[in-house]
Amino acid sequence: MGAFCTGRESHHKCCIFGDACRSILLGLSFGQLREKAVLASWFLEFVPAPNRGTWMVIFSAFWTIGTIIEASLAWAVMPAFGWRWLLALSSLPSFALLLFYPVTLESPRYLCMKGRIADAVHVMETMARVNHVALPSGRLTSGHRMELHEVADSSETAQLVSARKTNPVDHANKSGIGGLNAILRLLSPNLVRATLLLWTVFLGLAFLYYGLVLLTSELSHGNRICGSEGAITIETNHSNDVNLYRNVFITSFGEVPGLILSAAIVDKFGRKLSMSSMLYISCLCIAPLMFAQTESLTTVFLFGARMCISASFIVLHIYAPEIYPTAVRATGVGIASSIARFGGILCPLVAVGLVHACHQTAAIMIFITVMLVSAVAVSYFPLETSGRKLSDHIAA
């Protein structure tokens, strides 16, 4: 792209434009691959109701592991090699996805809703063979008026398996899965309350999660700028950069106890109580930061807040796929995750802009307000999904 530029100023503008285009393409690619939007919904449909919360927490653990590895990589790479090497090394694990996609099984629930009964049976047989078990007897059916969770047998596995028989299916009814029709169904009278509340909480938690990551660096940097009267030397900047990577690394570990905590309470206390209680506790953790604290105390408070917010986010990604029926499950979670991106866009205006302008108290007050609004929205969720079997169609 620089070949089309003449002069230093034009070259600089072209480089900025090129970096912006690459950033947009990178964002589009990662947005499509975002596992919590699609993979979580897919994974959920393979897990029985009694163990769903625990297994979804285990699934989310890999996000936490990746966060810690990325913080470690930034600490090791950024000071010596810069952000381009960090980006290049961070992209390497994504190539592993190319190896797994060809051997990934389709969700039997999705196949049933599409009327592909034979394919669904084949997937169930493959699962039984891998797990060295026999399929229960029965016939896999899929109809417009039949829900899998209405079958008398309490075992979700038994509800999904059958002999290799295909049933007559109204394919016209199945063709509405996905696409614009699924988006419109999210705002149908039966789902509009859940959808709007999920959008609110996704927006709030994304704002809080990414905002706390930014606060880890900006509070220290902002206090240093607001409290200093002279210039900052290069040596001091280098030392502060090292401290920054260390603090990000430490607060990233806050997600580990958050992961353990969410695993302990998500099935015992339910999804709604788990999320709301963690949000209220996070208010208590972050409130002292309305006033200037030492670097150590700031790190401790941010550690506690990030632990609670990450626990809430994990439970939210369990709850969201559970509340939607199969026909709109991935679409519903995907759109909610897209709404959350706006929270990530807005949080730098608060976590960076206000702190740099020496308005730390106002910034923390905004974070506390978002926490409280999100907690109240959680309390108005229509259903508690803990132990509840997945639904396969929208109730009339």
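Using the three backbone atoms N, Cα and C, a Cβ is placed for every residue, glycine included.
Unlike curated records, TrEMBL annotations are generated automatically.
Given the structure is predicted, the values throughout are model-derived calculations rather than measurements.
Pulled from TrEMBL:
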{"type": "DOMAIN", "residues": "1-386", "note": "domain 'Major facilitator superfamily (MFS) profile'"}
{"type": "TRANSMEM", "residues": "55-77", "note": "transmembrane segment"}
{"type": "TRANSMEM", "residues": "83-104", "note": "transmembrane segment"}
{"type": "TRANSMEM", "residues": "191-212", "note": "transmembrane segment"}
{"type": "TRANSMEM", "residues": "248-266", "note": "transmembrane segment"}
{"type": "TRANSMEM", "residues": "278-294", "note": "transmembrane segment"}
{"type": "TRANSMEM", "residues": "300-320", "note": "transmembrane segment"}
{"type": "TRANSMEM", "residues": "332-356", "note": "transmembrane segment"}
{"type": "TRANSMEM", "residues": "362-383", "note": "transmembrane segment"}
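Looking just at the domain 'Major facilitator superfamily (MFS) profile' (1-386), the mean pLDDT is 74. Among the recorded stretches 191-212, 278-294, 300-320, 332-356, the one sharing the largest number of Cβ pairs closer than 8 Å with the transmembrane segment (248-266) is 300-320. Residues 33, 66, 70, 73-74, 77 of the same chain, all 6+ positions outside the transmembrane segment (83-104), place their C-beta atoms under 8 angstroms from a C-beta of that stretch. Same-chain residues lying 6 or more positions outside the transmembrane segment (191-212) and placing a CB less than 8 Å from one of its CB atoms are 185, 251, 275, 282, 286, 302, 305-306, 309-310, 312-313, 316, 320, 323-324, 328, 332, 335-337, 339-344, 346-347, 350-351, 367, 370-371, 373-374, 377-378, 380-383, 394.
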